[in-house]
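Structure first, then comments.
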């Protein structure tokens, strides 16, 4: 790539990044999660260039899942790049490979939060893009998620321990991060597992999204991401409305039937979802929520089928309670 093209690419992405800079206040301490793939390399290069003018204090975190032979070479490449750019590098290697994508995600975020807290860094920054957000909306839609799930993968959220997770590239597509890396000759690490179609997200990325782009909407990524934005805003509104009723709804871990029944159906479902997620220690599915709502007019001592961990919901006079089966 010629220098002028690199300059144009740089200017374009920095302009696209500008709306997200409010998430990265001047003087912030950032732990940047860098796998070595194109999205995280693009993010790191943009932040390295922005750091002097914004007073950003950067550290890089890299996790080796040990899912494939040669994964240690990715860590070595990222470490070399960090040394060239003068960014402290932190590495974590899995003792045993995570058993699933969900387990790997939980492990990553737990470690990133711990490192950020240990270094007194306020934010963990990841390279999730607009393309990731579009794929997440589609993935959750196919799973039957409600508005909260479809509006997930937000720009910022609490990670824990006072650390916040920030995704400043959610307005930039994967094609753009690839072009940026090419223009700046960044050494992209290729993860062969991203081509494994046994992973449903890979099948969405490699088969379903290209089909939708060709046959339905050439801007399908932008359309789905915008839908996620709209649903997230509506979900936040519903959550704030639910907060206004929460203290009258829940007392001593039980749910008040008449107060719940007086709410609109959308708030009823959200109330039950929030209540069950605390009691069960996991997110309930639609059938669990429907079973609880079916108890609103049921006789005293009516019980649902077991929901999770042998727990079920029982009608206790004016209240609904979680009990062991």
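Even glycines carry a Cβ here, placed using N, Cα and C.
Just so it is clear, the model here is predicted, and its values are computed rather than measured.
The following features are taken from Swiss-Prot:
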type    : residues               : note
BINDING : 35, 36, 37, 38, 39, 40 : ATP binding site
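Location within the structure of each feature annotated in Swiss-Prot.
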| residue | record | Cβ contacts under 8 Å, 6 or more apart |
| --- | --- | --- |
| 35 | ATP binding site | 62, 63, 74, 78, 127, 189, 191 |
| 36 | ATP binding site | 62, 74, 75, 77, 78, 187, 188, 189 |
| 37 | ATP binding site | 127, 188, 189, 191, 194 |
| 38 | ATP binding site | 174, 177, 178, 181, 186, 188 |
| 39 | ATP binding site | 127, 128, 129, 132, 169, 174, 177 |
| 40 | ATP binding site | 32, 33, 34, 126, 127 |
Beyond the site residues 35, 36, 37, 38, 39, 40: chain residues whose C-beta lies within 8 Å of the centroid, for ATP: 34, 41, 42, 127, 188, 189
